[in-house]
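To start, the structure under review is shown below, and the notes come after it.
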């Protein structure tokens with residue numbers, strides 16, 4: 001059952017939304033510049049202590065701590081919430097909370113991106129507890145917006161003055177679907193701040209600071225946080241990479257990066273079903289294809305291409321029962337290879353096959369299994 005505070009958030013969010021309708025860096029120098037700009041914008045940090053702050057940030061985001069900018073640290077490039085990840089936002093005794101239980105709000109203006117506003121009850125003039133507005137650049141709260149992408153919105157913790165106010169960057173294109181930025185999802189997150197919630201370190205939580213596509217779903221961390229009682233941070237609820245029982249749903253390269261998929265893939269690809277079984281990249285088309293059962297999806301970036309999912313039988317010519325057989329499909333000829341078992345294609349030295357917690361290294365020339373390893377050996381785990 002949802003806590004009372006989350007019920008308040010969802011109720012306030014519903015009224016608000018009715019009123020408005022529904023690469024990674026190429027050089028190390030660019031990486032450093034991105035990190036320094038991020039720290040300056042959100043943490044008032046100079047170059048002298050930036051290494052320490054990077055370590056703290058990476059611990060918060062669940063990344064490997066090195067104190068140096070790297071590909072993992074570049075999560076900073078993603079669109080994000082503008083509230084700094086500092087301790088005073090945690091719901092613990094002594095931190096600000098609304099003293100009264102009946103809160104008023106007022107929407108100062110509307111974004112023209114979403115049409116057909118509906119009738120709702122609001123404070124039409126004067127000062128409300130929660131003032132909601134769409135603004136650009138410097139809007140006199142010491143946290144100017146930075147244009148399209150980057151800082152999407154921010155909200156103040158409960159208190160007098162601007163306390164509880166939520167500001168949305170009008171330079172963004174707000175939508176009611178998953179093109180650009182979904183207003184419902186961002187508003188739900190920001191109104192959580194307006195009611196006193198902190199950021200969560202659980203990547204599956206609504207209160208995780210980085211914007212992720214997908215339907216609004218409350219994680220256990222979201223539900224536990226607003227209970228009103230001091231709670232210890234739950235931390236990321238992601239699988240432990242060195243767990244000896246760890247398995248993967250799918251593995252493939254994506255734009256030069258090796259990607260391991262496990263559960264929650266709809267956080268990045270909201271139109272792709274959970275429970276993937278296989279994936280591969282077509283780099284020359286900038287597409288990744290995901291397979292589940294007899295269906296597959298073609299994805300570019302985070303968007304599923306038009307007309308997908310499709311059926312593997314009609315598209316590739318798979319028989320109705322594949323079972324334990326191995327097949328090769330020629331993307332250029334758009335047909336299955338013939339004589340596949342005798343003429344294994346490819347020019348790699350070997351290929352790896354994953355099944356459960358194991359990975360098999362297959363030699364293309366001898367057509368034999370060379371080694372058997374744990375599937376998570378890619379993560380420098382000790383033997384377990």
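In case you wondered, yes, glycine gets a Cβ from its N, Cα and C as well.
If you look up Swiss-Prot, you'll see 79-86 marked as motif 'Cysteine switch', on the strength of similarity to another entry. Averaged over the motif 'Cysteine switch' (79-86), the predicted model reaches a pLDDT of 64.
Residues annotated as Zn(2+) 2 binding site in Swiss-Prot, with similarity to another entry given as evidence: 81, 189, 193, 199. Its own atom aside, the Cβ of residue 199 (Zn(2+) 2 binding site) has 24 Cβ atoms within 10 angstroms in the protein chains shown.
For 113, 170, the entry in Swiss-Prot reads Ca(2+) 1 binding site. Take the CB of residue 170 (Ca(2+) 1 binding site) and look out to 10 A: across all protein chains shown you find 18 other CB atoms.
Its own atom aside, the Cβ of residue 190 (active site) has 24 Cβ atoms within 10 angstroms in the protein chains shown. Secondary structure at residue 190 (active site), as computed by DSSP, is helix. The active site annotation in Swiss-Prot covers 190 and rests on sequence analysis.
The annotation region 'Disordered' is assigned in Swiss-Prot to 218-239.
Residue 242 (disulfide bond) carries neither a helix nor a strand DSSP state and counts as coil. Swiss-Prot lists 242-381 with the feature disulfide bond, giving similarity to another entry as the kind of evidence.
Counting every protein chain shown, the number of other Cβ atoms lying within 10 Å of the Cβ of residue 249 (Ca(2+) 4 binding site) is 19. The Ca(2+) 4 binding site feature in Swiss-Prot is assigned to 249, 277, 347; the stated evidence is similarity to another entry.
As annotated by Swiss-Prot, repeat 'Hemopexin 1' applies to 273-319. Secondary structure counts, DSSP: the repeat 'Hemopexin 1' (273-319) has 8 helix, 21 strand, 18 coil.
Considering only the recorded positions 170, 242, 249, 277, residue 193 (Zn(2+) 2 binding site) has 170 as its nearest partner by CA-CA distance. Residue 189 (Zn(2+) 2 binding site) is surrounded by 27 other CB atoms, counting those within 10 A of its CB over all protein chains shown. Among the recorded positions listed here, namely 81, 170, 199, 242, 249, 81 has its C-alpha nearest to that of residue 190 (active site). Nearest to residue 249 (Ca(2+) 4 binding site) in space, judged by Cα atoms and limited to the recorded positions 170, 189, 199, 242, is 242. A Cα-Cα distance of 32 Å separates residue 242 (disulfide bond) from residue 189 (Zn(2+) 2 binding site). Just so you know, the Cβ of residue 242 (disulfide bond) picks up 14 other Cβ atoms within 10 Å once every protein chain is counted.
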